[in-house]
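Have a look at the structure below, then the notes.
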Amino acid sequence: MAHSLTSLAIFQGVNHKEMIRSLHVYGSVEIEREFLFERKGRYVEKKAKPLFCSEGLQRPEISLGLVFGTWRCIFLFRSNHSLPQFPTLLCPSRNPKLVDIPNLANVLKFISELKPKKPYFDQPKQLDLVVKEDRVGYGEVDQAKPQRFALKQDLNRLPDSESESEESEDDQNEHSESDAKTEILKKRRTPSQHVAGLCLEDLSKYFGVPIVEASRKLNVGLTVLKKKCREFGIPRWPHRKIKSLDSLIHDLQEEAEKQQEKNKAAAMVVAKKQKKLEKEMRNIVERPFMEIQIETKRFRQDNFKKRHRASRAKKNQESLATSSST
């Protein structure tokens, strides 16, 4: 959605400088977001209630350095103005911690990669002259082309007033049916304000289900949800990763219960491994662009081989039992 961005204003707290608030404008849609820039910890996006729009701050009034209540404007971008200078705190190349909040980092990266617009008087005018010389010959006048009119009447038969009226009624019926269809499609389409208001916290509630089911519960289309994931820096829907880790945790839980009776030391090792996988699953839910660790992938592969051997041994025993009974 960064390609439709028309302006962006970022404010910093006057009293609490780790608090950052942004005002994104996509055409006529305004979205406010709030972030916590911790020095020792990672950056976090918080749930933001409308502040600037509700208190009557107009877009044209915003300028760099403007103090509005307890907030000071530290960055201002407008699509029809020259590109602004990035402060160190908001520079993607100098502040790598911005990756923690892809919702803001992607927009800042998009602005930083924009090329400055050339002024009109710097553009070459030779092409325009060449086109005119090719189009208009010496001593000729460039006249407007005559408009072409298409006749709806069939020239192979005589005009009939009744048939014309019937045809006009059919055309009106077709137009009314097409208009009704377009109205139904417009009603089905999700409002752009609802799509723009979706944050990462809303998406994370449905990471445990497939993406088709998540799009149905979020009341958005599948393509819209995929575009929203790219906006937050999520390359793939994390359902499969979470499901894989969940099944591994379940297997370890069963193994810990079995080892509890036989060997308590082995049960402690299994429980420790289970806690580690639970922590990794929580990290993926919070940061869905993360990949499963290499150690976990090896453990998953070993667990799959173990299951395969067990099922194969069970089938062999069943075949031996059936052959001995016959």
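Glycine too: its Cβ is placed from the backbone N, Cα and C atoms.
The following features are taken from TrEMBL:
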- 242-269: coiled coil (COILED)
- 161-172: compositional bias 'Acidic residues' (COMPBIAS)
- 173-185: compositional bias 'Basic and acidic residues' (COMPBIAS)
- 305-314: compositional bias 'Basic residues' (COMPBIAS)
- 180-265: domain 'RWP-RK' (DOMAIN)
- 152-188: region 'Disordered' (REGION)
- 302-326: region 'Disordered' (REGION)
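Broken down by DSSP into helix, strand and coil, the region 'Disordered' (302-326) contains 24 helix, 0 strand, 1 coil. Sorting the domain 'RWP-RK' (180-265) by DSSP state (H, G, I as helix; E, B as strand; all else coil) yields 62 helix, 0 strand, 24 coil.
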